[in-house]
Amino acid sequence: MMGHRPVLVLSQNTKRESGRKVQSGNINAAKTIADIIRTCLGPKSMMKMLLDPMGGIVMTNDGNAILREIQVQHPAAKSMIEISRTQDEEVGGGTTSVIILAGEMLSVAEHFLEQQMHPTVVISAYRKALDDMISTLKKISIPVDINDSDMMLNIINSSITTKAISRWSSLACNIALDAVKTVQFEENGRKEIDIKKYAKVEKIPGGIIEDSCVLRGVMINKDVTHPRMRRYIKNPRIVLLDSSLEYKKGESQTDIEITREEDFTRILQMEEEYIQQLCEDIIQLKPDVVITEKGISDLAQHYLMRANITAIRRVRKTDNNRIARACGARIVSRPEELREDDVGTGAGLLEIKKIGDEYFTFITECKDPKACTILLRGASKEILSEVERNLQDAMQVCRNVLLDPQLVPGGGASEMAVAHALTEKSKAMTGVEQWPYRAVAQALEVIPRTLIQNCGASTIRLLTSLRAKHTQENCETWGVNGETGTLVDVKELGIWEPLAVKLQTYKTAVETAVLLLRIDDIVSGHKKKGDDQSRQGGAPDAGQE
């Protein structure tokens, strides 16, 4: 028989936690993350100021932006941060609510785990609750007419009121709606709204926010390559290239042996002829503007300038795609294959302006632009990046409504309605599952509660009366007025949220809670500093452990 030596299965420098300790650790981590962000919900939300590792400052109240900047160690906290990113990419809104909800779902589950209830029971109750939440949401949702621009502006406005941009809300709403309507693109009955690719936000410090606008076209941060080229062209013919107008060196390395000096001049001549040929291929089509993603040599500039063609070089690929969508040009890879229908004639004006101390090329007044640039002006970089984030959210909200025109009441009203429906359903349930199921209803109330807290009103009194209100008939739209902290019918205030955002918020929050409840063991391998040295001479060592 072996002595009582402990058997080491895991190597010594790994840390292992298991059982209840892990679950409460995960729940606490999730609660901590939720607490950081709790004050960022609603119109009376606070801003957070973060220093990034480079020493720059980020000022924001956008849930996702805050969590992106925070460095966390706990694995559960990392997955919480991940869900806000998913939410942001998927629907663009609800990044703050999803974290608060997930944190609350876990926090109500802690009580059951302490009573030795098995996590699986809690999980199956949560899953049931999620299905009922989704069906209740769909019941209280109302359809919306996407051509009614007042209604659309109202929806975007309720997403913007919680942001820093709320002072210029009508301007921001119009910008967002305009931009999204521009990039909307229907093909064989399939709607495509790609904000990321085709609605670019360009920030130029200086001026005031009221100067911001949506351009019917594209703006790029470039100047002409030669000072004597035209800087103002009406109805330009635009050619887009993604090849360079320079002498092309071969792919493989080549050596040339020169015996006579005429050969040397001949080689130079060949280079010139090649470039001249390239330029002639382009000049044949009589374009006014040539825009390329690569370089343009001095000689090519000279030929183009003599033909009175404006050239712009080293444009980003994404910008080039946008110009193509805006003016109807095709991007060509080989100048010798240029055809008449590759030329873009959809733009009404090309002009190059100097703003501040940089030159910008504007391609505007497009006939039917399918891409646009949003020009933002403002006092400082920090303000501009916050406004940009807010605008992105507004555009996402607008996109969601256009793709799925269903709305649910905002201001905590839909949470209360769903919570009420769940509480009613749980009365008919028997067995252990009814308690966690009812707890989900309780967890949902965190949204209206936080809204009340952020206004500084009395939470208990208002929540009780809101609960009472929801037990009455036809009161599904009663919620909290985030400005004053009083109870209102949000239908009259016009606070609506897209159904898609709410559904995603609930799904993500419950899924995350379920995911973290499933974990009962964390093994973290720590790398010791001396680890690398012991690797080389560490073979005999390993046998002794």
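Along the chain as shown, residues are numbered 1 onward.
Note that Cβ sites are derived from N, Cα and C of the backbone, with glycine treated the same way.
Keep in mind it's a predicted model, so treat the numbers as computed, not measured.
Feature list (source: Swiss-Prot):
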type: BINDING; residues: Gly42, Gly94, Thr95, Thr96, Ser97, Thr162, Lys163, Gly411, Gly482, Glu483, Glu497, Lys502; note: ADP binding site
type: BINDING; residues: Gly42, Gly94, Thr95, Thr96, Gly411, Gly482, Glu497; note: ATP binding site
type: CROSSLNK; residues: Lys15; note: SUMO2 cross-link
type: CROSSLNK; residues: Lys248; note: SUMO2 cross-link
type: CROSSLNK; residues: Lys249; note: SUMO2 cross-link
type: CROSSLNK; residues: Lys381; note: SUMO2 cross-link
type: DISULFID; residues: Cys366-Cys372; note: disulfide bond
type: MOD_RES; residues: Met1; note: N-acetylmethionine
type: MOD_RES; residues: Ser11; note: phosphoserine
type: MOD_RES; residues: Ser170; note: phosphoserine
type: MOD_RES; residues: Lys222; note: N6-acetyllysine
type: MOD_RES; residues: Ser243; note: phosphoserine
type: MOD_RES; residues: Ser244; note: phosphoserine
type: MOD_RES; residues: Tyr247; note: phosphotyrosine
type: MOD_RES; residues: Ser252; note: phosphoserine
type: MOD_RES; residues: Thr430; note: phosphothreonine
type: MOD_RES; residues: Thr459; note: phosphothreonine
type: REGION; residues: 1-24; note: region 'Disordered'
type: REGION; residues: 526-545; note: region 'Disordered'
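When the alpha carbons of Lys381 (SUMO2 cross-link) and Lys163 (ADP binding site) are compared, the span between them is 17 angstrom.
Taking the C-alpha atom of Thr96 (ATP binding site) as reference, the shortest distance to any of the recorded positions Lys222, Ser252, Thr430, Gly482 belongs to Gly482.
For the pair formed by Gly42 (ADP binding site) and Lys248 (SUMO2 cross-link), distance between Cα atoms is given as 58 Å, rounded to the nearest Å. Looking at Lys248 (SUMO2 cross-link) and Lys222 (N6-acetyllysine), their Cα atoms lie 24 Å from each other. Take the CB of Lys222 (N6-acetyllysine) and look out to 10 A: across all protein chains shown you find 18 other CB atoms. Look at the Cβ of each of the binding-site residues Gly42, Gly94, Gly411, Gly482 and count the other Cβ atoms within 10 Å; the largest number goes with Gly94. On the backbone, the CA of Gly411 (ATP binding site) and the CA of Lys163 (ADP binding site) stand 15 Å apart. In the three-state DSSP classification, Glu497 (ADP binding site) falls within a strand. The distance from the Cα of Thr459 (phosphothreonine) to the Cα of Glu497 (ADP binding site) comes to 23 Å. Ser11 (phosphoserine) is 56 Å away from Lys249 (SUMO2 cross-link) when you measure Cα to Cα.
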